[in-house]
Amino acid sequence: MVLQQQTHFLTKKIDQEDEEEEPSHDFIFRSKLPDIFIPNHLPLTDYVFQRFSGDGDGDSSTTCIIDGATGRILTYADVQTNMRRIAAGIHRLGIRHGDVVMLLLPNSPEFALSFLAVAYLGAVSTTANPFYTQPEIAKQAKASAAKMIITKKCLVDKLTNLKNDGVLIVCLDDDGDNGVVSSSDDGCVSFTELTQADETELLKPKISPEDTVAMPYSSGTTGLPKGVMITHKGLVTSIAQKVDGENPNLNFTANDVILCFLPMFHIYALDALMLSAMRTGAALLIVPRFELNLVMELIQRYKVTVVPVAPPVVLAFIKSPETERYDLSSVRIMLSGAATLKKELEDAVRLKFPNAIFGQGYGMTESGTVAKSLAFAKNPFKTKSGACGTVIRNAEMKVVDTETGISLPRNKSGEICVRGHQLMKGYLNDPEATARTIDKDGWLHTGDIGFVDDDDEIFIVDRLKELIKFKGYQVAPAELEALLISHPSIDDAAVVAMKDEVADEVPVAFVARSQGSQLTEDDVKSYVNKQVVHYKRIKMVFFIEVIPKAVSGKILRKDLRAKLETMCSK
């Protein structure tokens with residue numbers, strides 16, 4: 001009996017010790033900056049232009065938008081007047097609160113004005129790539145139930161079927177003196193009808209913070225593109241997390257000229273550039289597309305202070321000898337986002353912009369901004385090369401084990417999860433995909449693998465589904481790509497998995513050689529394989545002209561895997 005009691009006591013004690021060893025709470029990471037008050041009860045346009053109303057300190061006569069293509073300038077007063085007129089014009093055509101308007105436009109002042117007008121009306125903008133094919137446009141327009149499409153004259157032929165189905169087409173052309181002329185296309189409404197509408201005809205709509213304001217399309221962590229419902233509250237929160245407060249994480253000021261050649265239909269340019277610039281009273285220099293010499297000429301002419309980039313753009317700056325011909329000394333911030341920038345590229349671009357603070361940010365369409373370098377803060381922190389920043393203020397982040405879901409401490413890699421008011425409301429008409437992405441506790445699972453170091457800085461290792469499994473070992477493509485790009489005869493590279501009967505998967509490389517290079521497969525394999533452990537060695541190399549990438553700069557690995565499958569089946 002005594003022995004049984006002792007055994008019971010020892011067993012109970014061991015169980016208690018085991019319970020004490022298990023983590024009793026999540027490892028949750030927050031910003032080094034204190035949380036701030038965010039007025040996310042306001043409609044988006046009220047918030048963005050708050051400094052120009054009431055007791056605000058903004059000067060409406062200052063420059064808001066510079067059209068890089070024509071030199072046309074719009075002041076903050078011009079932008080707000082046009083916003084209200086276009087909203088009234090859209091309303092006159094039958095668009096109401098909650099209706100969806102597709103913006104099928106390249107970077108232009110009209111894109112910005114249209115987005116703001118739709119938001120002011122309480123309607124929803126779904127943004128689309130103007131280079132989409134007719135079927136791609138139709139698929140998004142129908143899935144989003146768009147009632148109107150605002151586009152350019154040269155794109156109208158892609159919209160014939162939609163026009164026949166009753167979708168209103170508003171058309172602009174940028175060949176006129178003022179940047180917009182009437183369309184002569186039958187069945188299309190001229191954009192000038194909107195800009196000349198009587199704003200007094202529209203009573204300001206009542207907008208809830210939970211109303212959807214933007215609906216870009218994203219594949220998320222997997223699957224087909226889905227409509228991402230971003231609310232007024234979510235977008236206001238995402239902007240404020242970056243640029244509001246006494247010590248903003250991203251210190252844009254009214255004296256800045258912010259360059260925008262990254263596509264405005266993508267959330268990065270829309271949120272972190274266009275709307276953040278307007279919130280702070282800065283000037284936004286809009287360029288239709290990235291052309292290296294034109295961009296450098298505009299930097300010199302307008303004394304641009306902020307240049308946001310993506311990895312392909314950084315590569316262009318690094319590899320071009322033309323950079324020496326231009327005065328780029330006005331640039332004080334170079335912000336890399338949309339895709340993780342390798343340390344080798346970061347170090348190289350610093351030499352081209354000697355006066356610029358360089359750092360990275362990290363986010364996704366569904367989550368808003370997740371992290372931002374504190375090197376950009378008004379009172380900056382020391383940061384490490386290669387880090388994508390620290391978690392944004394007024395938000396929480398954790399790193400979870402991909403197998404168990406248990407949260408991990410510092411310096412342990414796992415899936416990055418984020419929680420906060422900046423998150424999307426969900427995917428349009430897809431509750432299952434929403435539930436897979438945002439769990440019951442409100443954590444959005446990004447599908448990105450990373451870790452938080454001892455200084456709260458975040459490092460992205462790879463994408464969850466992009467990891468290569470070699471006999472159970474994890475191989476990160478990003479690591480091998482960094483090595484490949486460091487070779488002087490390689491312009492760009494991507495690594496994907498190839499099926500293998502013995503190892504399950506092996507890494508293979510697609511390589512874009514420098515012009516005139518005679519680099520061979522053996523040269524590439526030798527260069528990489530001598531620098532990595534055996535299971536990370538490149539097994540095959542395929543030479544191609546260009547690495548396929550999305551407009552965001554992310555490698556289109558699905559395309560490369562399909563190409564690999566075709567080549568291996570021959």
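For all residues, glycine too, the Cβ spot is worked out from N, Cα and C.
Pulled from Swiss-Prot, these are the features on record:
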type	residues	note
BINDING	Ser218, Ser219, Gly220, Thr221, Thr222, Lys226, Gln360, Gly361, Thr365, Asp448, Arg463, Lys554	ATP binding site
BINDING	Tyr268, Ala338, Gln360, Gly361, Thr365, Lys465, Lys469	(E)-4-coumaroyl-AMP binding site
BINDING	Arg289, Lys471, Gly472	CoA binding site
REGION	291-360	region 'SBD1'
REGION	361-427	region 'SBD2'
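A map of Swiss-Prot features onto the structure.
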residue	record	Cβ within 10 Å
Ser218	ATP binding site	18
Tyr268	(E)-4-coumaroyl-AMP binding site	24
Arg289	CoA binding site	13
Gln360	ATP binding site	27
Gly361	(E)-4-coumaroyl-AMP binding site	23
Thr365	ATP binding site	22
Arg463	ATP binding site	21
Lys469	(E)-4-coumaroyl-AMP binding site	14
Lys471	CoA binding site	11
Statement: Quick note, Gln360 (ATP binding site) and Lys469 ((E)-4-coumaroyl-AMP binding site): C-alpha atoms separated, nearest Å, by 28
Message: For the region 'SBD2' (361-427), how many residues does DSSP put in helix, in strand and in coil?
response: 3 helix, 25 strand, 39 coil
Message: Nearest of the binding-site residues to Ser218 (ATP binding site) by CA-CA distance, picking from Tyr268, Lys469, Lys471?
response: Tyr268
Field: From binding-site residues Tyr268, Gly361, Thr365, Arg463, the one whose Cα lies nearest Lys471 (CoA binding site)
entry: Arg463
Message: Please report the Cα separation of Tyr268 ((E)-4-coumaroyl-AMP binding site) and Arg289 (CoA binding site) in Å, rounded to an integer.
response: 15
- line: If you measure between the CA atoms of Gly361 ((E)-4-coumaroyl-AMP binding site) and Arg463 (ATP binding site) and round to the nearest Å, you get 16
- request: Taking only the Cα atoms, work out how far Lys469 ((E)-4-coumaroyl-AMP binding site) lies from Arg463 (ATP binding site), in Å, as a whole number.
  value: 13
Statement: Students should find that the Cα atoms of Arg289 (CoA binding site) and Thr365 (ATP binding site) sit apart, in Å rounded to an integer, by 21
Statement: In the region 'SBD1' (291-360), averaged pLDDT is 88
Query: For the region 'SBD1' (291-360), DSSP counts of helix, strand and coil?
result: 35 helix, 12 strand, 23 coil
Query: For Ser218 (ATP binding site), which DSSP three-state class applies?
result: strand
